[in-house]
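Right, I'll just put the structure down here and ask away after.
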Amino acid sequence: MSGMEVLEEPTENGIDEDDDVAMMEANPLDQAEIKKEEGNTFYKQKKYKDALECYNQAINLCPTCAAYYGNRAATFIMLNRYKDALADAQQAVNMDPNFVKGYIREGKCHMALGNALAASKSFNHALELEADNSVVLAEVNSLKSLQDHDAKVELNFGKGDYRTAIFNLDRCLDISPACTRYKVLKAEAFTYLSRFQEAQEIANDILTREGMNADAIYVRGLCLYYQDNTEKAFQHFQQVLRLAPDHSKARDALRRAKQLTTQKEAGNGAFRGGKFQDAYDLYTQALQIDPHNRSTNSKLYNNRATVSAKLNRLDQAIEDCNQAIKLDETYVKAYLRRAKCYMDTEQYEEAVRDYEKVIKLQKSQENKQLLHEAKVALKQSKRKDYYKILGVTRSASDDEIKKAYKKRALIHHPDRHSHATVEVQKEEEKKFKELGEAYSVLSDDKKRARYDNGQDLDDSCGGFSDIDPNQIFQAFFGGGMGPGGMHSFSFGGPQSGAGPSGFPGGFSFHFG
């Protein structure tokens, strides 16, 4: 919209400077002209409130002059009182159908209020009277720009591109600063982007200016709904429908809110009842109801991750935690759930990273302990896994550890692979040594406790420098025939050279 306009200049009143002043004061029309002239002076000085008072007095003195209404309309425009300006402009063109500036001001007001169709009609009236009027042509260009951005707003809302929609809405508001519809749409776009404070500020401003505006109340309800404050959201949507029973957006939002709440509670009930697959399916269905509800959907993803963990679908649980955190980067429960899944899948570095994030968000002794345990597990994972080498669980008993060692030692003893390739012999020899090392640690309560706690097994604890895998093997099997006469072991005493296997303290190992 263009800036300050040129107002109608005072008309000739036929009174000479030497005429009697009392005569002027006695003539209301003359007095009206004087007030209009005073108003024009204030207007040019940008003292719009003073100008408005003068035009009010001029109209009171002469309520049938179209120019006075036209000038007051121009003043109302400068004061951003577009509805008042529109009423005066319409009054002016009703009084004078050939009043070009009246049509221009009428069109400007329609455009400022966002009524493009009405603005177009007003400008067309002006062009019929003055086809080459440069002011009208400039306003028509502004109107075309408004219509172009308005179409893009609708397009970008349809695509869910709310950032670009806000850009287009700002361009619309540059031209239509008093358009409530554009303000509401901008607030709604902010809501979909989780910029709730900005959305609420716009809605509150509209309510302050206009009172019970149904669209503004709807936006406030939408903010509450998307922040998981469903009870207050319900109240707002119901209030909107009392004010405007045909408000389709409020009706749809209320329906989605109720449906989402019902579905989520059904999933929670199934989970509490141990019906994990049913809970998983119900949470999945709930996630389809409203993709815009980031807060509730984040909780639903975390709930589904909990169910997946119960069903031992740890990869799926991790992915759902990823989605929950993507929607809410401060969601501590989702970080804790994902960290637990990482621990269970031996992804210790990722677990440590998540627990460190949790500590930043929610420092507590319990969370510090979880981080410590993850760091211990990470340290252990970088060492040899003696439980894995023996093929036992971390809770294995002494007897289970002994049995596991016996079984694997027979499999990997180097003499059993004496005819294999050099590469195989070296690999089996390495495994045999690791078995002895693992058994040496896990069969010793003190060493095992230090190992389980992630502590270093230094020389004060026996270390590994004195471990002889042959001695451990010999302690288990001794010499003589094996069961069923299938194997015979002959262990010699200390010898100067290495035995057939290349180990010190030679022995022979014969398989039948």
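Any Cβ shown, glycine's included, is placed from N, Cα and C.
Feature list, courtesy of TrEMBL:
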DOMAIN    385-455  domain 'J'
REPEAT    32-65  repeat 'TPR'
REPEAT    66-99  repeat 'TPR'
REPEAT    100-133  repeat 'TPR'
REPEAT    214-247  repeat 'TPR'
REPEAT    260-293  repeat 'TPR'
REPEAT    298-331  repeat 'TPR'
REPEAT    332-365  repeat 'TPR'
Apart from its near flanks, which chain residues at least 6 from the ends of the repeat 'TPR' (214-247) lie with a Cβ under 8 angstroms of it?
180-181, 184, 187-188, 191, 194, 196, 199-200, 202-204, 206-207, 253-254, 257-258, 261, 292-296, 299
Using DSSP, tally how many residues of the repeat 'TPR' (66-99) sit in helix, strand and coil.
27 helix, 0 strand, 7 coil
Please work out the mean pLDDT for the residues of the repeat 'TPR' (100-133).
96
Summarise the repeat 'TPR' (214-247) by DSSP state, stating how many residues are helix, strand and coil.
27 helix, 0 strand, 7 coil
